[in-house]
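According to TrEMBL:
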- 96-180: domain 'ILEI/PANDER' (DOMAIN)
- 6-25: transmembrane segment (TRANSMEM)
Amino acid sequence: MKLQELFFVTGICFIFILTWGLTSVQRLGVQLTDQQVFWHTPADSVNLTSKCTAFKDCPSNHFAFYISSGAADVVGPKICFEGKVIMSGVKNNVGRGLNIVLLDGETGNIVRSSYFKGSDDWLDFLRSIQPGHITLVASFDDPASILTDEAREIFRGLGSSVIQTLGTRDGWVFASQKGSKESPFEKHISNDEKTNRYERWPEIIDVSGCFHKRI
């Protein structure tokens, strides 16, 4: 084999090895990035291992919960209780309006869970909330369109401090145990085109905490 041909073959082999090496490194980088995203995303993996609370475990005589609002009208909200996701977009059981889970304050059993865009059933549901019941609420798209004066008054009675001013396409998450005066578990973000993260909608908000088990 001539020297020129030998150099040519060697060059081809070098280019092949270099290309293979760069591709392998790039794939490895993608895998590492995916692992980093998985382990550091504050979603199901973090919240579920700490009984649905974002930053701390609850005492043994408490129920833990985590709620996040929906993103615009695309990504559904999430409602989690005692290490289990009850409602979420992945479970395909959420909808636009208000997503609500009602639980027994003694046993933690689900009394009812549903989403509402407005109907007679919606008000009947709110009227059925009994003393001691735990109510978990997450907005999706527009929570205000179904809020009649009676509905707002019921939520105010459950301890909401922002319900009277909740507006079109606002974000809202709320948790309460009927019988308490004012709930500490409530967040609200206004729809403001100057600060909105998703064009006509504000960013996602969430809330987590613990409820004492009723005896």
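Positions of Cβ are set from backbone N, Cα and C atoms, glycine also.
Automatic prediction, not curation, is the source of TrEMBL annotations.
Note: the domain 'ILEI/PANDER' (96-180) comprises 23 helix, 30 strand, 32 coil (DSSP; helix = H, G, I, strand = E, B). Confidence annotation: the domain 'ILEI/PANDER' (96-180) carries a mean pLDDT of 93 in the model.
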